[in-house]
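Per TrEMBL, the features are as follows:
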{"type": "DOMAIN", "residues": "1-439", "note": "domain 'Major facilitator superfamily (MFS) profile'"}
{"type": "TRANSMEM", "residues": "45-63", "note": "transmembrane segment"}
{"type": "TRANSMEM", "residues": "75-95", "note": "transmembrane segment"}
{"type": "TRANSMEM", "residues": "101-122", "note": "transmembrane segment"}
{"type": "TRANSMEM", "residues": "134-152", "note": "transmembrane segment"}
{"type": "TRANSMEM", "residues": "164-186", "note": "transmembrane segment"}
{"type": "TRANSMEM", "residues": "247-271", "note": "transmembrane segment"}
{"type": "TRANSMEM", "residues": "283-305", "note": "transmembrane segment"}
{"type": "TRANSMEM", "residues": "312-333", "note": "transmembrane segment"}
{"type": "TRANSMEM", "residues": "348-373", "note": "transmembrane segment"}
{"type": "TRANSMEM", "residues": "385-406", "note": "transmembrane segment"}
{"type": "TRANSMEM", "residues": "412-435", "note": "transmembrane segment"}
Amino acid sequence: MFGYDIGISGGVTSMDDFLKKFFPAVFEKKHHALENNYCKYDNQFLQLFTSCLYLAALIASFVASKVCSKYGRKLTMQIASIFFIIGVIFTAGGINIEMIIFGRIFLGFGVGFANQAVPLFLSEIAPPNLRGALNISFQLFITIGILVSNLINYFTTNVHPHGWRISLGIAGVPALMLCLGSILICETPTSLIERHKVEEGRKVLRKIRGVENVDDEFDSIIHACEMAKQVKDPFRKLMKPVSRPQLVISICLQIFQQFTGINAIMFYAPVLFQTVGFGNDAALLSSVITGLVNVFSTVVSIYVVDRAGRRILLLEACVQMFISQVIIGIILFKELKTTGDSLSKGEAIFVVISVCTFVMGFAWSWGPLGWLIPSEIFPLETRSAGFAFAVSTNMLFTFIIGQAFLSMLCQMQAGIFFFFAAWVIIMGAFTWFLLPETKGVPVDAMVDKVWKQHWFWRSFMIEDDRPDVKVV
C-alpha cells in the first residue's frame, strides 16, 4: 500500500487527463513550444498532491505510537487499513483538487499507522537469526507496490479520460488485503505481555516458534516488559543520554534515506525520464524497469543482510550511489539545456542505466536498513516512542523532498544530482564512524553487546538515576 502510493503519484501527475482536470496551468506549460526542460512540472499544488500524504503520516505516527503501545500492533494495522480505504475512495472519486488532496491526507494517516506497527510487529515475532531478512520483507513489499503502480500507470495512461481514476482506485486492492490480513494475524507476544496478557503471550510465542519450550525467550520478554513498566513517560526517557545513541541513529538514518534522492527519483521517475527526452509511454516503461531493479535488489538484501551484516551493505551502497548520481549530473549538465532538444537516445538510455544502478544500491541498503535498524535497536520501554520518532522523521523529510524536488530541479537543474551526491558522502562517514553492527544480536541485548562496546556511544551508557521511574 505504501509502495503503491509512492509509485502511483508520479505516473498520475504525468498523465494529460489528470493535469487537464486538476492542474491546467501545468498542462499548458508541459505542452508549450518553448518549455524549460527542467521546469515543465514546477507547481506547488502539483507537488502538494504528492507530498501532503507524508505530512499527514508524520502527524499520525505519534498518535499511532500511543495506539500501538496501549492497544497492540494488530489493531494499529486494522486502523491503518480503514484510513487507506477512505483515502482511496476520495482520490479515485475526486471531482476537485480539494477532494483528491483530502484523500491523500487519509492515505497519509494510513501510512503513519502502518509504518509504525508493521516493522515493530516483524521485529518482535522474528527469531534473532532471521530478524533482518524478515523485517526487510517490509521494504520488499514497498518495492513491489512501486513496481505494480508503475505497471498499472503504463497501461492506464492511454485509457482516456479516466485512466488516472483506475490507477488511484486499484489502491483499494492492497487496502482490503491489509484489512482482512490484520484480522487474521495473531498479536505479538511482546505486545500481549506488555498489556498484561501473559499466558496468551506464552501461547502465541509457542505457536510462532513451533516448539513447546520457549522459557528462555519468554523470560527475556517478561524482564523487558517489567523494565518497560517502570518507565512512566517513554518520550521523556528518550531525551536522556542513555537513549541518545538509538535516537540519533534512528533520526539520522531517516534523514539520510531521503537525502539519497531516492524518493525524488521514485516519485517523479516518469517526469524525470520525460525531462531527458522520453515520450510519456517510454518514460512510464523506463520507470517500470527501475521498479523491477528495485524489487530484485531488495531480494538480494534479504539474502545478504543476516550474513554480511548491516554496515557493509550501507558502505558499499554509498560508493555505488555516489558514482551513479555524479554520472547522471555530468550528463545532464553537459547535454541537457534548459530549452530546445532533449538528450540523444543513447544519452537518455545511459541516464536510465545510471538511475537503475543508483536504485540497485539503495534497494539493498539504505532502503530496507533505514527501517530495520531503528526497529531493532530500541529497548522495549522506548521502542514504540523511539520508532515513532523514526517514522515521523522519515515522513517529514519525505514531505520536504516531495514538496521541493520539482522546484529544486527547476532552480538547480543538473546540480540537484550533485547535491544528493554530497549527502551520500556524509552518510558514508556517519556509517563508518558512528553506526555499530547489530547483526545477530537479540533485540533486548543491544545495550550490553552493542552500545557499551562502541568507542563513541559507550560514554552515553551511564547508570541512570531515572527520576521518571516509579519504584515497584
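For all residues, glycine too, the Cβ spot is worked out from N, Cα and C.
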Contact yes or no, the transmembrane segment (385-406) and the transmembrane segment (312-333), 3+ Cβ pairs under 8 Å, gap 6+ | no
Same chain, outside the transmembrane segment (348-373) by at least 6, Cβ under 8 Å from its Cβ: which residues?
-> 115, 119, 123, 131-132, 135-136, 138-140, 142-143, 249-250, 253-254, 256-257, 260-262, 265-266, 269, 272-273, 276-278, 286, 289-290, 293-295, 297-298, 300-302, 304-305, 310, 313-314, 316-318, 320-321, 323-325, 327-328, 331-332, 342, 390, 394, 427, 435, 438
Take a look at 75-95, 134-152, 412-435 and tell me which one has the most Cβ pairs under 8 Å to the transmembrane segment (312-333).
-> 412-435
Given 45-63, 75-95, 283-305, 412-435, the one sharing the most C-beta pairs under 8 Å with the transmembrane segment (134-152) is 283-305
Average pLDDT across the domain 'Major facilitator superfamily (MFS) profile' (1-439), rounded to a whole number = 87
